[in-house]
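Copied from TrEMBL, the annotated features are:
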{"type": "DOMAIN", "residues": "16-274", "note": "domain 'NADP-dependent oxidoreductase'"}
{"type": "ACT_SITE", "residues": "Y49", "note": "active site, proton donor"}
{"type": "SITE", "residues": "K78", "note": "site 'Lowers pKa of active site Tyr'"}
{"type": "BINDING", "residues": "H111", "note": "substrate binding site"}
Amino acid sequence: MAGSFALNTGASIPSVGLGTWQIKPEVVGDTIYAAVKAGYRHIDCAPAYSNETEVGLALKKLFEDGVAKREELFITSKLWSGNHAPEDVPEAIDTTLKDLQLDYLDLFLIHGPIRIRKGTTHIPENLIPTDIPATWGAMEKLYDSGKARAIGVSNFTCKKMEDLLAVARVPPAVNQVECHLIWQQAKLRELCQSRGVHLSAHSPLGEASVLSNPVVISVAEKLQKTPAQVALRWSLQMGQSVLPKSTNEARIKENFDIFDWSIPKDLMAELSGIKQERLLKAEFAVHPLSIYKTLEDLWDGEI
Ligand code: A2P
């Protein structure tokens, strides 16, 4: 049985979702169709991935073919860094809803603590200071309107979470961050759990780096599972949902076959000893012109 986690809104988030970052528009439709047929009920999207129109076409086909109903799916999307101005937030979700051919999102996240001038790209000259309290105020209005049934953030550190929690009227339901066996996020997980924020793990295979880790391989051999399954199952046992990406049907199914077995305590302890390194550092946001002069600034020392 596929599982889910409770959100602070009272809704539940399916424990395994398909990530769509870096999946090319020409293959994303078939990928989503295969995933939902295999049992996935959560799709993680973003306008920044330049494939939401194709995701929308695939969702429409899944509904028309009767593979799943809208209310059975959990669809996440994100606010692009160029749309942080409070007046731009409603238009941003409307564009995403139009592209996805939906009338509400289950979860809408601020994509990251990074802001650029409207209509521009991620080059240093376009980086401008964030005003998260103001942007969050506009996100809260989307929650009030029902267009976003839950709101949250992505790529926020402990400090950025605490700053947001201090001003939020509607507390964030989710913080979606890089989290996997090579970057386990122990401190952030503890903070999120203590404040009722669900941690969702993007890049849960460390973009495949986790799969060649000798400790992961040895645990997988002991359990007669694949390294990917061990990596994903570890996340579920830590209480976080996972958003693995794959365009390969066999691997899509393999990544969903993690519900009817578990990693015993002693092997969980072995996994917790893996040497830690943040793999996705977002160096593009660090620049003398940026509010983040160093990676330490961007990640508030969590590096
Ligand atoms: P592919 O699409 O060819 O399956 P992450 O989700 O951490 O970003 O990792 C995504 C990467 O891991 C992709 O390169 C994907 O390639 C690969 N991948 C996903 N699932 C598996 C799996 N079960 N076994 C091996 N590689 C996988």
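Yeah, the Cβs are placed from backbone N, Cα and C, and that goes for glycine too.
On the structure: features taken from TrEMBL.
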residue : record                               : Cβ within 10 Å
Y49     : active site, proton donor            : 20
K78     : site 'Lowers pKa of active site Tyr' : 27
H111    : substrate binding site               : 20
Between the residue listed as 'active site, proton donor' and H111 (substrate binding site), how many Å separate their Cα atoms? 11
Alpha-carbon distance [H111 (substrate binding site); K78 (site 'Lowers pKa of active site Tyr')] in Å: 5
Per DSSP, H111 (substrate binding site) is which: helix, strand or coil? coil
Give the helix, strand or coil assignment DSSP yields for K78 (site 'Lowers pKa of active site Tyr'). strand
